[in-house]
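Asker: First the structure, then my questions, so here it is.
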Amino acid sequence: MNTDTAQPILGAGISEGRLLKPIRYPWAYELYEQAVANTWFPHEVQLGEDLADFARMTDEEKHAVTFLMSYFNPNELLVNKALAFGVYPYVNAPEAHLYLAKQMWEEANHCVAFEYVLETFPIDRGAAYAAHVETPSMAAKEAFEVRYLTRMTERTLDITTLEGKRDFVRNLVAYNVILEGIWFYSGFMVALSFRQRNLLRNFGSLIDWVVRDESLHLKFGINLVLTVLEENPELQTGDFADEIRQMILDAVGLEERYNHDLLPHGILGLNADYINTYVRYLADRRLEELGFPAHYGVSNPAKWMAAANDTLELVNFFEATNTSYEVNARTS
Ligand SMILES: [Fe+2]
Ligand SMILES: [Fe+2]
């Protein structure tokens, strides 16, 4: 019998986790197969066709696109650091390693996709790059992430200890649930709002592909958090639950500040309050997926997000109710 089947998902061994079958965590292998089927290449999208739209956009609209790129470009790479230093080394299941390897390629692909935006649109790359350090609300979001990741890079984490497992979960919540599952989605909504107004349609297609990948990343991360909690009941204390919940609420506050800098005055159909209601809606969904009650109790102001991504099965993972509502609404 393959003794690997007795291995829990966490572990830092080198001799373990080298035989794929039998698969202990089928959700991880299914996500790997789905991710491979989703493979795409940024330059297949004809971004140059959006240049005329970009030229006639207002200064605040151009600022919003630039601001999003300033945030997304470095943070796609930050996610890869979180995976490489904070997740992959502490997971033993080979099916999880397969998925993480594909996810890391996807984050690299997203980085290249957003570089394609910078090289196509008349955006000053130097200024866009500088913003992630020079804009306090953007720098604060990165500092939040780096705080959790640094614990795993500046010293060796012992994944067999309670504190090691807590640090693993904290980092996973920080980069996956918060960065990918709340902050990125808030940015995707703003990016796709231009297409809602018949602007930047090809940019919208690029974002569609990224959203499709990110939906899988989120599903993998949440499954991983829940599996680690289930296999390590000693982590399930009231204090640790409170800490994780508070991380998510703090992250909403950081995003609200950032969104005021993203849209200082508001553009047609969209202002910071609208985005922040969506952020609170997202935070409630993430809280519920982790087993907490919703905190904000707001309804989704951007129901079109689910309907706009009609090819994206996994967007429906998070917005199933709204999507089926939209589909019913359209067909009735
Ligand atoms: Fe990404
Ligand atoms: Fe991601």
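For all residues, glycine too, the Cβ spot is worked out from N, Cα and C.
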Asker: In TrEMBL, E107, H110 are given as binding Fe cation 1, so which of E76, E142, E145 is in that site too?
Answerer: E76
Asker: Can you tell which of E180, E255, E256 TrEMBL lists as binding Fe cation 2 with E107, E214, H217?
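Answerer: The record-listed residue among the candidates is E180.
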Asker: Just how many other Cβ atoms lie inside 10 Å of the Cβ on E180 (Fe cation 2 binding site)?
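Answerer: E180 (Fe cation 2 binding site): 23 neighbouring Cβ atoms within 10 Å.
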Asker: May I ask which of the binding-site residues E76, E107, H110 is closest to H217 (Fe cation 2 binding site) if we compare their C-alpha atoms?
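Answerer: Its closest listed neighbour, by Cα, is E107.
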Asker: Quick check for the class: what is the C-alpha distance, in angstrom and rounded, between E214 (Fe cation 2 binding site) and E107 (Fe cation 1 binding site)?
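Answerer: The separation of the Cα atoms works out to 9 Å.
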Asker: Are there residues of the same chain, six or more positions away from E76 (Fe cation 1 binding site), whose CB falls under 8 angstroms from its CB, and which are they?
Answerer: E107, A108, H110, C111, F114
Asker: What is the Cβ neighbour count of H110 (Fe cation 1 binding site) at a 10 Å cut-off, with all protein chains included?
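Answerer: Summing over all protein chains shown, H110 (Fe cation 1 binding site) has 24 other Cβ atoms within 10 Å.
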Asker: Quick test of your reading of the structure: among the binding-site residues E76, H110, E180, H217, whose CB sits under 6 A from ligand 2?
Answerer: E180, H217
